[in-house]
Amino acid sequence: MKVKMIMLLFQILAILTLKSDSADVPDGYIQENVALRGRATQSAQLRGEHAGISHASNAIDGNRDSYFYHGSCSHTEGDNPLWRVDLLQVYTITSVTITNRGDCCGERISGARILIGKHLENNGINNPECSTINIMAAGETRTFHCPQPMIGRYVTVYLPKTGTLHLCEVEVNVLFPAPC
């Protein structure tokens, strides 16, 4: 428990040394994508011919390939579709990087909200918002910086309308002290 608290304090200290307009990692720290260690879920699984290549876990496979039919993207649809990663422990998160589907349908992600928190109440939709995805080009990879460091175990991408949500990669960025 003490080690986790010390790590959390180091993360917060590192985050506070960042300039508000800078995406640079401060000296003495490394940025790591902790989503690779997590477990992903989504509100619905695509059915039919492409069901086997649209799993939630495809969005945390470390592959930014944005062509859906290569099998590296998630796909969920319906009323208020959502995708979520359980990071399996609490982290102090500075930003989330998303790769949008590139072979078509880039506009479908517009209006999605990135939520971060420690609770699964209402499928994580009640957790605080890091950012909203207003417009994102097909195949674009973009980092969404939270207005302040956010503490959470669950990162949810939620589309508050009837539609389709494609995510080809989701990276959850955390700062750690660099090894000596």
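Positions of Cβ are set from backbone N, Cα and C atoms, glycine also.
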**Prompt:** Which of these, C73, C104, shares a disulfide with C168 in Swiss-Prot?
**Reply:** C73
**Request:** Select one of H75, H145: the residue that Swiss-Prot places in the alpha-L-fucose site alongside R101, R108.
**Result:** H75
**Complete:** Answer for the disulfide partner of C105 (Swiss-Prot, candidates C104, C130) is C104
**Request:** Out of R101, C104, C105, R108, C146, point to the one nearest S72 (Ca(2+) binding site) in space (Cα versus Cα); all of them are recorded positions in the record.
**Result:** R101
**Surrounding CB atoms that lie within 10 Å of the CB of H75 (alpha-L-fucose binding site), all protein chains** = 27
**Fewest other Cβ within 10 angstroms of its own Cβ, chosen from the binding-site residues D61, E169** = D61
**Message:** Other than N58, D61, N63, S72, C168, E169 themselves, what residues in this chain have Cβ atoms within 8 Å of the centroid of the Ca(2+) site's Cβ atoms?
**Reply:** A59, I60, G62, R64, D65, C73, S74, T99
